[in-house]
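Shown next, in structure tokens, is the structure this report addresses.
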Amino acid sequence: MIDRLRRAVKRLSPGGTVAQRAIKGGAWVGSMNVLGRVLQLATILVLARLLGPTAFGVFGIATLAIHAFQRLTQMGLDEALVSNREDDVNAYLDTAWTLRLIRGLTLAAVVYFSAPFIGSVFDAPNVVPVIRVLGIVPLLGGIQNPGIVYFSKDMAFHKQFGLQMGARLFETAVSLGIALYDPTIWALVGGLLANKAARVVVSYLLHDYRPRVALDVGRASEMLDYGRWIFVSGALSYLSNEGDDAFVGWFLGSTALGYYTLAFRLSNAPATEVTHTISQTVFPAYAKLQDELESLKTGYANTLQVTTLVSFPMAAGIAVVAEPFTRVVLGTDWLPMVVPLQLLAVYGLLRSVRSTAIPLFRAVGKPNYETVTRTLNVGVMFLALYPLSAAYGLAGTVGATVVGAAIATPVAGLFVVRILEGGAFDLLSRVFYPAAASALMLAAVVAVQNATAEYGALVTLVLSILTGAVVYPVVVLLADRQFDVGLDRLVQTVKNGVR
């Protein structure tokens, strides 16, 4: 048994062609993200039962503040180093670490002194001590070992697996331990701090580089020049992904924000984790293939197909089981989040599809395309945010995010076609089959729910999940047999990649 495990790990260790390394990396990152997300969601569901919506809302305000400071000072150093054509970037690491250290210390001070103002903006004085404690988060991020950039650059994702899972396990243990002893907001705070602290420790255990304070102005300028578009994109990403959260906390209050943040996590986590997994592995792969157009075309088409094969049924499934799931797992206190959860599943799908383009934009030196699509998304969302929220409350807020994403996603697709110099029909055909199969799955699940409504939410939930789990793969396999949608070739590519 141990020998088999060793052979499996060896097969999945970095090596081979760029495509093989990307696929092996995808296996590690996929395992890491799935296991990490399962741990996180299980923890969140337990905490939701114990703490209630208001605690989640106050914590949401605090993390909104921290994320705002982090995004608005994002430098894009890792992206600059990964895209650097040189394999050895050690000469840049001390400068990168020093820049992050300065940023972390500065943010910790700014967060501490701005906490009362943030509390007054949201009319939530109880958030002030939480924000001040969480000011440690950017400092912990700043002192991580800069050598871990090689995990992405060299596609050594088995080491990234160890880093992420070690931190996630420690976070789960700490947050649940605090919650069982004292079920308050500090369980959420303690878990987040435990995660960041564990990442610092594990980063030095997994990589032997030891940084020192040093600032090379030339190299700093080179990295920051690349990162300026990443900074702009990061700021727009914050407005796109969390601007609506900030609006909910300010306009509708902390309890509404509690519903919204949990709905967002539940609806977007599965779909976006798929894209995040793929993006982490294909960005360095695209960077190595940026001068090979045909390889880029094939790689992106496969990426889009894998993403939509998983994201479409996940989004449809979340939307259709939202009501029985909330009743059974979270309790009636959380029922006001059902409609936002369903709408956010649509947003998660759009976000997942659009995000497949981001690593391509960055790898071929077009981060401005990312900036344009995010600007469009944010602009449309904010135009619709107030009128829809005033008219429909929390559901209106979610509707504004869906409208923004629905307009920005096709624009990102046009940019992809421009980079790949055509191939729009092939890309659309890769999306059509999972979309059609998900629609049929959705219809089957709704029929089952109507037939089992009298037996209670638990029975309806279980049978809905089983129906979806059977119908979708059967429809996809039948479509592949009838129309040859490319599943066999995709599976063979993956098999070849791990050999």
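Glycine is treated like the rest: Cβ placed from N, Cα and C.
Per TrEMBL, the listed range annotated as transmembrane segment is 130-151 (candidates: 130-151, 174-195, 196-217). Same-chain neighbours of the transmembrane segment (455-479): 309, 313, 316-317, 320-321, 323-325, 327-328, 433-434, 436-438, 440-441, 444-445, 448-449, 485, 487, counting only residues six or more beyond its ends whose CB sits under 8 Å from a CB of the stretch. Counting same-chain residues at least six beyond the ends of the transmembrane segment (38-66), those with a Cβ under 8 angstroms from any Cβ of the stretch are 111, 114-115, 118, 122, 124, 126-127, 130-131, 134-135, 137-138, 168-169, 171-172, 175-176, 179-180, 183-185, 187-189, 191-192, 242, 245-246, 249, 253-262, 265-266, 269, 329-331, 333-334, 337. Residues of the same chain lying 6 or more positions beyond the ends of the transmembrane segment (371-392) and with a Cβ under 8 Å from any Cβ of it are 229, 232-233, 236-237, 239-240, 243-244, 247-248, 251-252, 354, 357, 399-401, 403-405, 407-408, 411-412, 415.
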